[in-house]
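As recorded in Swiss-Prot:
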BINDING   96, 161, 176, 177, 194  alpha-D-glucose 1-phosphate binding site
């Protein structure tokens, strides 16, 4: 769509997702067997035919660059691009100091694109959104800035920017991560929170970024500085994400912050439900990604018993022999020997599980080799001596580990 530029913030360190982010940035973390977190933001743009996109990277970006080079290279098509941009350090030898600073340091790229509107989106949430619908709302309201928002249980709202709106959808209050969030009028158990997705009029954005960069007292963040400064003018509006409609979708809108191990695990379990709230199979909203050239998954019986695959996702290149896999996600090239019992677990790919292993509520990062007869997730006290165990008891095996040898 001419006149619209996408800026995707993909520099997140993802400290709460460690050890999955020890060797990769948060947007590069695998999800759902075949995907990376960045894919969902990119698909929201591409499926809305918004094909001029800069992806701003920062921490441990090599894995992300590799994925985008193989799966998202559309360069060569006139006026269409998806370009990853590493931190430029144009304002000094320093990393991005906040979300607004990340955009400001790439002001030159935006100006060269001559956009009318700039869409600034995050890259670490699981959801589908037709951005054209939000863009139409933005134009109808003649907004300087539009912020997408959703209802959030009041108990969880303090982790987000909390919004107040009037009857016309105009923002009349905003507080970033308040300790005592305000509830929605008439809906006392919920708050209206920012999704961290913004559409700016380009001239307004450029002026705000330049002014903010000159303010020594600013933290250079959209939620902490730019939005609180802008909304009292009356031209900041709020787009209700619950009104967004995706062709071919039956379920209500789905949005998950997967910033913790427990949330990441739960989002995978959501994929495996009979009526999954987030579907990977909507042909009218394809989820593009890089797919390595691999043969189909193979399932064979063994002398130890028949193979059983129940409520699970198994990716190409995987080989499961005479084992039981239930409510689990097996990434590319997962090799499961016979007599294993794996349940409610996530294998990120290139994982070898030896004969007779038991895995319960385990996340296994890439390139892991688990010795025959190993039990993980059965005795959490023992697991804590070796692995990271989350608050909800999810065991995480780090990338490249050799377990039980």
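The backbone N, Cα and C atoms fix where each Cβ goes, glycine too.
In this structure, 177 is the one among the binding-site residues 177, 194 with the smallest number of other Cβ atoms inside 10 Å of its Cβ. Within the set 96, 161, 176, 177, 194 that the record links to alpha-D-glucose 1-phosphate, no two Cα atoms are more than 21 Å apart, and one pair reaches that distance. Residue 177 (alpha-D-glucose 1-phosphate binding site) falls outside any helix or strand according to DSSP and counts as coil.
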